[in-house]
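One structure is given here, and the rest of the page talks about it.
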Amino acid sequence: MSTTERAQRPATGTGYRVSRSSLTSWLGSLGFLAVLVVLAFVPIAFIPVVIQQTTSFLILVILASMWNALAGYGGLVSVGQQAYIGFGAYAVIFLTQRDVEPYLSIVIAALASGVLALVVSPLLLRLRGGVFAIATWVVAETIGLIILMQASLGGGTGVSLRALNVYPVADRRAYTYWITLAFTVVLLGAVLLLLRRRTGAALQAIRDDEGAAASVGVRTRPLKLILFVLAGVGCGAAGALTLANTLFIQPQSIFGVQYTAFMIFMVLVGGLGSFEGPILGALVFFVAQNEFADLGAWYLIGLGLVAIGFALFLPRGLWSLIGDRLPGPLLPIGYRLRSNKS
Amino acid sequence: MTWVNAVLQGVFLGGLYALFACGLSLLFGVMRIINLAHGDIAVLGAFLIWQISTSFGISPFLALIPTLVVMLVLGYVLQKTMLTRALRGGPLIPLLATFGLSIVIQNGLLQVFSADVRSLGGQAGPIAHASWTITDQLSVPVLGVVVLATAVAVLGGLQLVLRRTGVGREMRATAQDADTAGLVGVPSSSVYARATAIAVATATLAGMFLALRSTFSAASGPTQLIFAFEAVVIGGLGSLWGTLGGGIVLGVAQTVGAQFDPQWSILAGHLVFLLILATPRGRSLDLGGVRA
């Protein structure tokens, strides 16, 4: 790739070189790989409740990363990603009712959610800021209302995923876990790839100042479209996987705006506009949910207050506290100027 | 005739949506932010009125006066503490912060007032349900006329203040360019605080009328926010009279949709909104009027 070659040439000729990797990023990458290997063996080594909980956690990681890709890099604050979560889940119901293999249905449903995002993108992507935010919400409400009216999909009372009953319970739990892990790796890998390639510099430029980025020749529209469709696929997958994990859905909850509240919380707390932040945020949210969800309304008031606090006082989230102290990025994203002497 | 009636009821419903929308429109016009907690603030106002009205056994219209005072102070404080800081953080932060506020208000109301559905219709006396009958199938609800008249008065009053008074000139100047307005001695922070106070007050008024004509609960806010926003966008962002037109278009779409099938009511409104978004000129019908 020509940009890489150019970038690796010494900037001034002497004393400095530009590189992608550093000791931190090598250790960081190895750490990520090690965690992945451990995660791959969860269904073999642990009891059912751990497998199911880890599946939920991975779904949260997907949701947080997708929302971060939209808002953190594309400047697109969506309040309506539940459109794709719900669409993905109901697409699985629709497909399995027509005797498509359930796990294949999940993959198709995720891709179909991406197509849905592509279809509504001409309508939404020309909007900005708050107008974009509420327009995405209206789209989610509209799709939710249409699905609510479909008696064949269970209407307002909800519907179960019976097709998964063909598998023994233990197998089903493990398969669902592994396909969730696969989706997590593929989707986060896609974000990483977008950030590593030439698009990464463009995305970070849009994140920092969209107008300035456009003025130096960054083509913002196609990049936003890529992010929007990717987030559609990711949220669709998350919805389909949630259904496979819980086996029952209701339109009011799967199309509920609480998903947006959770995504905003995870990304704000973890770190808006960083790759690692949303994963950290998903971890914090997962713990908070397990510890405090019994408190009901108080728990949600707490989530809201914490989100406001982070938005106002630490908009780059917890990861900025850790990441800024590291000698370099944990994953080889972007380039670093280094002295040859060190 | 039932269709004429549906359209007529839609116009009155549109008055309510315009009242919800004008605070949203004003804040967007002056501060360039969309307040995602607008609907919940309106519902908070409705709950305060309900509380005062039932505790003291007074009419909701009387209870509105102390509530307005409380809400005005709340709006001022909200601006001084949260929105000012959020505005400094770039375009995303006000959205995220007001969304957080929406969650806090909603669940706070849920905690204090439970999930029960309430209405102010009982406390208000005959005005809530009275109507003038024109023919068998055509009747004009008194409350609908009151709401529409209030919406026209509030929008007209705002328009007059913005056009004709010093306060209005300061607001328009700040809306156009806050920094330059600051240079000539118009501090943006006090203009923003005034705009927020007005927005919160109109939201309270809208919340009261919502509670009078139907029911409300702690979870009612988001729906009202969406309707208000649809009215604003259909009418043209920042245009006050456009907001009234937008509210009426949305109200008529909903009542006519409900005429086909009650399930279609809200969906029809959303579809009209999305259709207008999809038009080549896009984003609004631009129903005219001076921009804030």
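Cβ atoms are placed via backbone N, Cα and C, with glycine included.
Annotated in TrEMBL:
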type: TRANSMEM; residues: A:26-51; note: transmembrane segment
type: TRANSMEM; residues: A:57-76; note: transmembrane segment
type: TRANSMEM; residues: A:106-125; note: transmembrane segment
type: TRANSMEM; residues: A:132-155; note: transmembrane segment
type: TRANSMEM; residues: A:175-195; note: transmembrane segment
type: TRANSMEM; residues: A:225-249; note: transmembrane segment
type: TRANSMEM; residues: A:261-288; note: transmembrane segment
type: TRANSMEM; residues: A:295-314; note: transmembrane segment
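Residues 36, 39-40, 42-43, 51-52, 54-55, 58-59, 61-62, 65-66, 69, 73, 103, 106, 110, 164, 167, 203-204, 226-227, 230, 233-234, 237, 241, 244-245, 275, 331, 333-334 of the same chain sit 6 or more residues outside the transmembrane segment (A:175-195) yet have a Cβ under 8 Å from a Cβ within it. The stretch in closest packing with the transmembrane segment (A:57-76), judged by the count of Cβ pairs under 8 Å and taken from A:106-125, A:132-155, A:225-249, A:261-288, A:295-314, is A:261-288. Taking Cβ pairs closer than 8 Å, the transmembrane segment (A:295-314) reaches residues 261-262, 264-265, 268-269, 288, 320-321 in its own chain, all 6 or more past its ends. Outside the transmembrane segment (A:132-155) by six or more residues, the chain places 76-83, 86-87, 90, 93-94, 97, 116, 120, 123-125, 251-252, 255, 257, 260 with a CB less than 8 A from a CB of the stretch. Beyond the transmembrane segment (A:225-249), the same-chain residues lying 6 or more positions past its ends with a Cβ under 8 Å from any Cβ of the stretch are 52, 55-56, 59, 62-63, 65-67, 69-70, 73-74, 76, 78, 81-93, 102-103, 105-106, 109-118, 121, 124-125, 158-161, 164, 176, 179-180, 183, 187, 190-191, 194, 199, 203.
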